[in-house]
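Before any comments, here is the structure.
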Amino acid sequence: MSLIAAFSNGTLAQIQQQLVHYGYSSYLVIGVTGCSLNILLLTRRQFRTSSCCTYFKAMSVISLIHLAVALGLYLYTLHFEDPVGTNLTACKLRFYIVQSTAMMYRWCLVIACFDRFALSSTNVRLRSFAQVKVAQRVLPINILVWLVLTIHIPIVYSVRNNICSIFSNISASLYQSVFIATGGFIIPVSVMTICALLIRRNLAIKRQRRQQNTIQGVELQKLQSRRDQQVLIMLFAQMLFYGSTITPLSVMSFYSALTIYNAKNLDRIIRERFLSFLSEMINFLFPVCSFYLYTISSQIFRTELKLMFHSLLRCQWNNTNTRIAPSGNELRNRTVPEPIGSITQGARAKKPGMKKVKSITDTTQQKQQQQQQQEHLM
């Protein structure tokens with residue numbers, strides 16, 4: 001390897017380290033904040049009755065786990081020893097969690113696309129799929145399926161020279177590349193594209209039927225379908241963004257599968273790993289930016305976000321301005337001073353009360369004297 005190649009490889013290593021330090025740090029803060037806000041907003045009443053929003057909420061929870069495990073370990077290795085490169089269990093567990101959660105949130109988006117297609121369909125039985133209770137049953141199945149389909153990762157991954165990867169197993173490397181390309185790109189993008197075309201056709205059919213109704217009926221249907229249209233916009237924005245972020249990673253997976261039997265020198269291996277790192281970094285943009293896509297594309301989402309912050313600020317203001325009432329003993333022992341100008345009036349007002357108190361004490365003294373006289377006579 002020449003001096004120029006060694007210098008370029010060292011530069012690539014430095015660039016990758018800086019991208020991990022600053023890029024992934026920003027990803028983690030922005031992504032965790034966005035996913036947390038997604039979960040809070042999508043549990044509000046406005047979105048709770050939408051089955052598509054149920055899938056969005058599940059995507060946010062899974063993306064939060066995905067970012068915490070994947071990016072958290074990247075940042076941990078900048079200051080401490082990499083447990084993935086030294087511990088076999090950590091190596092297998094890290095890649096298993098990252099890969100399985102990535103497939104889970106990708107296919108949550110695919111199922112959400114089918115959900116919107118079912119809702120726009122004229123078939124009554126197909127429309128019954130677009131229900132919250134159906135979504136609550138489908139989500140555990142999706143999670144279980146990808147926990148099973150990614151079970152090969154703990155089997156084929158191993159640690160060598162402080163690197164966690166697939167070594168000396170060309171068949172396993174080829175299977176992993178094809179698995180990522182097909183399960184993460186070809187099938188999901190194809191299904192989402194087909195669903196988008198079918199949704200467009202169904203909406204065109206509904207628009208033709210709507211033109212035959214009265215004006216009053218049209219206005220009523222517009223009000224009822226406004227939320228579904230906003231959710232559909234959120235879905236389409238995610239579809240486009242997902243396709244653009246998954247493409248570089250899929251291209252690298254295809255390239256790895258096609259060149260897996262080629263002889264490669266060290267310089268080529270380092271460059272390919274750097275390109276794989278960049279494609280992975282671009283792929284992380286999808287779970288990181290989901291909240292901001294919702295905010296940009298949906299007016300209802302922005303409105304609910306403002307209402308949530310307004311209610312939080314109002315509760316905080318009420319808590320800071322709440323008066324703490326004194327206890328009962330403090331109330332009994334407390335003396336309240338009177339204004340100076342009202343001393344004479346207060347004295348005049350208290351005279352009848354003082355007479356009553358004096359008469360009560362006189363009667364009690366008389367009773368005590370009578371009791372003493374009776375005891376003396378006895």
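Each Cβ is built from the backbone N, Cα and C atoms, and glycine gets one as well.
Heads up, TrEMBL stuff is auto-annotated, nobody curated it.
Copied from TrEMBL, the annotated features are:
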type     : residues : note
TRANSMEM : 23-43    : transmembrane segment
DOMAIN   : 34-294   : domain 'G-protein coupled receptors family 1 profile'
TRANSMEM : 55-76    : transmembrane segment
TRANSMEM : 96-117   : transmembrane segment
TRANSMEM : 138-157  : transmembrane segment
TRANSMEM : 177-199  : transmembrane segment
TRANSMEM : 231-254  : transmembrane segment
TRANSMEM : 274-294  : transmembrane segment
REGION   : 343-378  : region 'Disordered'
COMPBIAS : 348-358  : compositional bias 'Basic residues'
COMPBIAS : 365-378  : compositional bias 'Low complexity'
Considering only Cβ pairs within less than 8 angstroms, which of the stretches 23-43, 55-76, 96-117, 138-157, 274-294 has the most against the transmembrane segment (177-199)?
96-117
Residues of the same chain, at least six outside the transmembrane segment (23-43), with any C-beta under 8 angstroms of its C-beta?
53-54, 56-57, 60-61, 63-64, 67-68, 71-72, 74-75, 281, 284-285, 287-292, 294, 301, 304-305, 308
Rounded mean pLDDT for the residues that make up the domain 'G-protein coupled receptors family 1 profile' (34-294):
87
Stretch among 96-117, 138-157, 274-294 sharing the most Cβ pairs under 8 Å with the transmembrane segment (231-254):
274-294
